[in-house]
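K.L.:
This is the feature table in TrEMBL:
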type	residues	note
BINDING	83, 106-109, 172-174, 178, 225-228, 408, 419-420	substrate binding site
BINDING	102, 104, 326	Mg(2+) binding site
BINDING	102, 263, 322-331, 333, 356-359, 383, 410, 416	ATP binding site
DOMAIN	162-260	domain 'Glutathione synthase substrate-binding'
C-alpha cells in the first residue's frame, strides 16, 4: 500500500522523425475508420461471427451491442479516445518502416503521465551538460487533448449540471495518470465523479428519457478506464455495463467502438478492398492507413486458415499469435506460439486468435528506472502511440484530432507487455 514512481527510461530514445510525422499524419484517418466501423452493424456482425462462437467475452459485448441497437440508441453524441500503437520495423534492407501493432479503443492510458515525461528527460540531459539536445525535446500534453474531447461531448450533451463519470477499477494502480485528465476537466468547471461497476449496479438508474443518474446526479459522459478484460466482469458488472450502454449518456467508448478495437477487426481490415468499403471516396486516407499495416492473417476454419497455421508452426519466429484481448501481456511468440497452435490447429478455438507478422525493430541501449529494480544498461526496443480524439453528433463529425503521443520502451528479452503489465517504461522521443 505505497505510492511508487511510474517507471521511465533514464534517457530519451531516438525516433526517426519521418516515421514520427507519418504516425501523426494518419491519426485522423484512423479516427474516421474506427468511427465508421462502430456504425457498421453488418461489418461487425460478419467479422466477429466466428470469434463470438469461441470467445465468451467478445460474445457478451456483442450481445449487449445488439440489444442496444434493437431498443434504439438513446445516445446521440459519440466520443472516441483511442491510441494507435506502432513499432519501427527494420526490414530486409534495414530501412525502418512504421508498422501498426494495434489500436486501443477503450481505456487508452498514459496520456496523463506521458505529459510529464519530456520535462524529466529535459532535466536529465541538462544535468549531463546537453542543453542543446534538451531544447530539441518536443512538448507533449495528451491529457489536455483528451480532456478537450470529453469537455466537448459534455457540452453537446447539453446539461450544465450533469457530471462526467470516470469508471475505474476496484484497485487503482494508475490513478495519477487519470488525475491529470480529471484536473483538466475541473479547470473547465466540469464536475468529475469516480465510480466502479459495483457502484453503478447499486446506485445507477435511468429515467423515462434514459438519462443516467448516479446518487441523484445526472451523468453526461461515462469515461471507461476499465471494462476491457474478462476479469473486469462478474454478473453484476455485466448488468451495470448494460445499464450504462442503454443510457443517453455519452460513453467513451460506446460498446460498438470497443468491438471496433478487437484484433479480429484489425485482421479483417487488412483484406484487399475492405478499407475502401468502409471509407468510400477517401482514397488518400486509405493509402495512408494501409501503409502502416503489417501482415495479418486469419485462422478461420478452412483451407486458408489451415495453410497459415501450418506455416506458423513450421516457422514460429516469423509471427505473433494474438488473442482478442486488450491491456498487453496476452500475445504468444516462438516456441509457446508453436505449442498452442499445434494444440488448437484442428479446433474452432483457433478462430479466437489472429496471426501477425513479427516486427523486427532495431534495438538501442538505455537504462530502465523501475522501483525496487537494479539499474543496468539494457538492449531496448520502443513502441510509439499516437492519441486520437473525435466527437460526432448524429452524423456530423464535430472534432477529429491527434492529441499527443506516448513512447514506451522495454528490454528486448520481454516479448510482450506494456507499462501497466510491468514490462515497458515511459520514454520520450528524441527525433533524428
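Heads up, the Cβ atoms here are built off N, Cα and C, so glycines get one too.
In TrEMBL, annotation is done automatically, which means it is predicted and not curated.
Distances, neighbours, how buried they are, the whole picture for these features please.
P.N.:
Cβ neighbour count for residue 326 (Mg(2+) binding site) (all protein chains, 10 Å cutoff from its Cβ): 19.
Using DSSP to sort the residues of the domain 'Glutathione synthase substrate-binding' (162-260) gives these counts of helix, strand and coil: 41 helix, 26 strand, 32 coil.
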K.L.:
Quick one: pull the CA-CA distance for residue 333 (ATP binding site) versus residue 228 (substrate binding site), whole Å only.
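P.N.:
Approximately 23 Å lies between the Cα of residue 333 (ATP binding site) and that of residue 228 (substrate binding site).
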K.L.:
Give me the CA-CA distance between residue 358 (ATP binding site) and residue 104 (Mg(2+) binding site), in Å, as a whole number.
P.N.:
19
K.L.:
If I take every residue in the domain 'Glutathione synthase substrate-binding' (162-260) and average their pLDDT values, what number comes out?
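P.N.:
Across the domain 'Glutathione synthase substrate-binding' (162-260), the average pLDDT comes out at 97.
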K.L.:
Would you mind reading off the Cα separation of residue 107 (substrate binding site) from residue 410 (ATP binding site), to the nearest angstrom?
P.N.:
21
